[in-house]
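Just below is one structure, and these are the notes that go with it.
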Amino acid sequence: DTTASRLRLAGLCFLLQILTIILFAVFVRYSPESSSGPCSQQLNCSSKNWDLGFQHPRFRHVHLQALLGFGLLVAFFGRYRPGSVAISILIMAFAIQWAVLIQGFLYFFLNGKIYVGAQSMVSADFCTAAVLISTGALLGRINPGQMLLLTLLGVTLFSINEYILLGLMGINDSGGCLTVHTFGAYFGLMVSRILHQPHTDKRKEQQDTGQQPDVFTVLGTIYLWIFWPSFASATTVRNNAEPWAVLNTYFSLAASTLAAFVLSPVLYEESTLRMVQIQDATLAGAAVMGMAGEMLVTPFGALIAGFLAGLIPPLGFRFLTPVLRSRLKTQDTCGVHNVHGLPGILGTLLGTLLTALTTADAYGGRLELVFPLVAQGSRTATDQALCQLCALPVTLLLASLGGCLTGAVLKMKGLRSPPDTRYLENPGLREV
C-alpha cells in the first residue's frame, strides 16, 4: 500500500545517506591546494592538466545543465510535472555523493584517501547526467525507492565503463558521447525490458504528453541551449586554444533544430511543432558532438552532423518506438533511444572517422591535448580510431549486462510499485 511504499522510501533514503556520510568521513578529503590542479602528479587520473580558474564556472554550468536541463526534460507528461522534477532532484542529490565515492576510488585515490576538487565534481555531474538519461526510459513505471537503487547501481556501472574506456583503452570522449549518452540510454532500455509487464505497459506514455505548449519543456530546452556547450567542453583543455567543443556544439544544436522543423511537419499532421520535438532534436544535436566536439570536425561538418542527428528523433518516434514496444517488449517513456542512444552511436562513428583522419599538421600543438598517445608516438591515428570504435561494443555490452542485473534487482518482490497503476507515478509524489 501507499503508506508502506512511502515509509520504504524514507528508510532507504536514511540508510543510503548514513552510508555515504560514513564513507565520506573515512575516505574523502579536499585536494591539496599546493598541487598544480585537483589532479596532482601522483594521482592516477585519466585527464590532462586542469585550469582551476576556468574550471569553477565550468562546473557551475555543468551542474545547472544536469539539474535544470535534464530535470525539466522529464516534466512534459500530462499527469507528471512537479512530481517528475522532484524525482530528478532526488536522483541527483544521491548520485553526486555516490559518484564522488566510486569515481574517487578509480581516479583520485592516493594513500588511502579520495581527494576531491572541481574535476571530481564535474565527473560526478557527468555520471548523474547518464543516470538521469537512464531513468527517462523508466519514468512512471518504477517507484522512487527503485529509482534510488537504480541510481546506486547505475553510478557504479557508469564509473566502471568510463574507467575502462578513458583509463584503460585511452579513448577520447570529452563530451560523454559513449560514456553518458549511449551508456545511459541502453542501460535504461535494458532495465525497462527486464521490468516489462504486459498488462501495465500497454499504456502509451508517449501519447500522454500535453498538446499545449508546456512551460517546463520550454525552460528545459532553453537551459539546454545555454549550458550544453559548457557541458560538452567541461573536460577539454584550454591552454588559450580556441574552444572547438563549444563552437561545434553550437553549430550542431542549430542544425539539429532546423532538422526537426524539416521532418516533423512531413511525418505528423499537426500544424505547429510541439516544444518537446524541438527539445528532442536539440538533445540529439548535442549528443552527436559528444566525441567529435573537440576534434577537427570543421564548422560545416558540425552542421552536417547536427542536421543528421536532428532527423533521428522524429523518424525514431514515428517508426522505431512502436517496434520497440510491440516486438522487443521495451517501453521507452521519454524516448531515450531516439534522443540519446542512436545519436550517441552516430557521434561515435563520426568521432572514429575524424580520429582516423588525424594528422599532426592539421592539429598542430593541439594534437597532444586531444590525442596524447598519438602525439607521443605510442599509437598511430589508425590504432586510435580502432580503439574509439571498439569502445562502442564495450559500452553496449556493459550497459546491457548492467541493465539486466539492475532490472533483476528492481524486480524483487519487496521493491515493486503499489498495485494501483491508474497514474503514471507514485501517488505519494503527485503533488509537490
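The backbone N, Cα and C atoms fix where each Cβ goes, and this holds for glycine too.
Per TrEMBL, domain 'Ammonium transporter AmtB-like' is recorded for 64-412.
The list of residues near the transmembrane segment (7-28) in space but at least 6 beyond its ends in sequence, with Cβ under 8 angstroms from a Cβ of it, reads 90, 94, 97-98, 100-101, 104-105, 112-114, 116, 143-145, 148-149, 152, 414-415, 428. Annotated transmembrane segment per TrEMBL: 7-28 (among others), in sequence order.
Residues annotated as transmembrane segment in TrEMBL: 62-78 (among others).
The transmembrane segment annotation in TrEMBL covers 85-110 (among others).
The transmembrane segment feature in TrEMBL is assigned to 122-140 (among others).
The transmembrane segment annotation in TrEMBL covers 147-166 (among others).
Look at TrEMBL and you will find 215-237 (among others) tagged as transmembrane segment.
The transmembrane segment annotation in TrEMBL covers 249-268 (among others). Within the chain carrying the transmembrane segment (249-268), a Cβ under 8 angstroms from the stretch's Cβ atoms is held by residues 175, 224-225, 228-229, 232-233, 277-278, 280-282, 284-286, 288-289, 293, 299, 302-311, 313-315, 318, all 6 or more beyond its ends.
Marked as transmembrane segment by TrEMBL: 303-321 (among others).
The transmembrane segment annotation in TrEMBL covers 342-365 (among others). When Cβ-Cβ distances below 8 Å are used as the criterion, the transmembrane segment (342-365) is approached by residues 172-173, 177-178, 181-182, 185, 241, 283-285, 287-292, 295-297, 305, 308-309, 312, 316, 371, 374-375, 381-382, 384-385, 388-389, 391-392 of the same chain, each at least six residues removed from its ends.
Within the same chain, residues 142, 146, 149-150, 153-154, 157, 160-161, 164-165, 169-173, 178-179, 182-183, 185-195, 291, 345, 348-349, 351-353, 355-356, 358, 379 sit at least 6 positions outside the transmembrane segment (385-410) and bring their C-beta atoms closer than 8 Å to a C-beta of that stretch. Among the features that TrEMBL reports, transmembrane segment is placed at 385-410 (among others).
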